[in-house]
Amino acid sequence: MAMRLILFFGALFGHIYCLETFVGDQVLEIVPSNEEQIKNLLQLEAQEHLQLDFWKSPTTPGETAHVRVPFVNVQAVKVFLESQGIAYSIMIEDVQVLLDKENEEMLFNRRRERSGNFNFGAYHTLEEISQEMDNLVAEHPGLVSKVNIGSSFENRPMNVLKFSTGGDKPAIWLDAGIHAREWVTQATALWTANKIVSDYGKDPSITSILDALDIFLLPVTNPDGYVFSQTKNRMWRKTRSKVSGSLCVGVDPNRNWDAGFGGPGASSNPCSDSYHGPSANSEVEVKSIVDFIKSHGKVKAFITLHSYSQLLMFPYGYKCTKLDDFDELSEVAQKAAQSLRSLHGTKYKVGPICSVIYQASGGSIDWSYDYGIKYSFAFELRDTGRYGFLLPARQILPTAEETWLGLKAIMEHVRDHPY
């Protein structure tokens, strides 16, 4: 009987959500040993019929790459790797097993929250996140307000939390969830919002930061993609805009900014996960942020949260030239990474995007830096590849807590170095 019930609920769940499943899909960790093997992997990536999803692209020999391989192609890919002498191991045995666990935990948490408080250590739907944002505003009207900066392609509101002690101050911008499947980022942003209101007036650091600067926080930058990743396809990364002349949907919003648009590290193929879109700012989610920042006129720091890899990066990504502010940004990032590490020992790699990961054009912090916002940083949160995008909910709180120390170090520097 119990088994029949489980099967029934499983079928029901799948039916309600028409969830795409990933039964038998594996994530392989691949270690290319030379340039030749990297070339082979890039050719493999280009084979569209294999439907490979590179979670972490092959960049330099000796550096790991991660790829999700659909069940039907697992054998073929392994045979190819072996024939080329490319070392690999299985990072995730069966992706669906992790997804089922994640789903189960969300359902369990939803039941628990009905009779209790909001649990910041769980993944939530967009609706639940919006509700909690409203609660924060209602509970701390003197410190937090909600600013609507636009609507997504599917007409969901893009709501920013504004933390301010009044007056027209210079500001810090912080966003998360520009890539839909990076769930730990939206969760971390929401925890951060709660942390700011809890600690203001108690923690001298955040108190003095907010006495000098406003903070604008956008917890879900890509709401359509987020909803889609929860209801249809957990691996979804892009927006949900319609691309004319293509059956494929969506644009990679972090290749859509007006910074080296259409250059290396972005794809002109609408079916690619890193498709840059028809033109810079074609995505309303990106354009809304650009318009808001331009009209505000006094944003001094632009920080974006991604996952995963444990990196803290600054510009440039679209070119590999050294910034004028390289020394200062490098120092700030090193300091932030040290603060972050002090809590749980989590190690972050620090440097410009181009050298830390790869050349990638059309990214948000390259645009913000070129626009004149000196303190532009991108975090890639936990982990380094045990779970990748499917970070278990039990790691949300430690991730958010340590990230907060890094964020605070950056904000303190911005506070002490007005320009």
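Note: Cβ is positioned from N, Cα and C throughout, glycine not excepted.
What Swiss-Prot lists as signal peptide is 1-18, and the listing cites sequence analysis.
If you look up Swiss-Prot, you'll see 122-414 marked as domain 'Peptidase M14'.
According to Swiss-Prot, the feature Zn(2+) binding site maps to HIS179, GLU182, HIS306. Taken residue by residue with DSSP, HIS306 (Zn(2+) binding site) is part of a strand. Every protein chain shown contributes to the tally, and the Cβ of HIS306 (Zn(2+) binding site) ends up with 22 other Cβ atoms within 10 Å.
Here HIS179 (Zn(2+) binding site) comes close to THR185, ASN222, GLY225, ARG237, LYS238, ASP252, PRO253, ASN254, HIS306: these same-chain residues lie at least six apart in sequence, with C-beta atoms under 8 angstroms from its C-beta. Residues or ranges marked as substrate binding site in Swiss-Prot (evidence: similarity to another entry): HIS179, ALA180, ARG181, GLU182, ARG237, ASN254, ARG255, SER307, TYR308, TYR358.
Cβ neighbours of CYS248 (disulfide bond) (same chain, under 8 Å, six or more residues apart in sequence): PRO270, CYS271, TYR275. Taken from Swiss-Prot, the feature disulfide bond applies to CYS248-CYS271 (among others).
The DSSP secondary structure for CYS354 (disulfide bond) is helix. The C-beta environment of CYS354 (disulfide bond), restricted to residues of the same chain at least 6 apart in sequence and closer than 8 Å, consists of TYR316, GLY317, LYS319, CYS320, ALA360. If you look up Swiss-Prot, you'll see CYS320-CYS354 (among others) marked as disulfide bond, on the strength of experimental evidence.
GLU380 (active site, proton donor/acceptor) carries a strand DSSP state (E or B). Taking the Cβ of GLU380 (active site, proton donor/acceptor) as centre and 10 Å as the limit, one finds 22 other Cβ atoms among all the protein chains shown. Feature annotation from Swiss-Prot assigns active site, proton donor/acceptor to GLU380.
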Integer Å distance between the CA atoms belonging to GLU380 (active site, proton donor/acceptor) and ARG181 (substrate binding site): 13
Those residues of the chain, 6+ apart, with a Cβ under 8 Å from that of ARG255 (substrate binding site): PHE261, GLY265, ALA266, SER267, SER274, TYR275, HIS276, GLY277, ALA360, SER361, GLY362, GLY363
Spatial neighbours, same chain, of TYR308 (substrate binding site) - Cβ under 8 Å, 6+ residues apart: TRP55, GLU182, VAL184, GLU380, LEU381, ARG382, ASP383, THR384, GLY385, TYR387, GLY388, PHE389, LEU391
Packing count at ARG181 (substrate binding site) (other Cβ atoms within 10 Å of its Cβ): 25
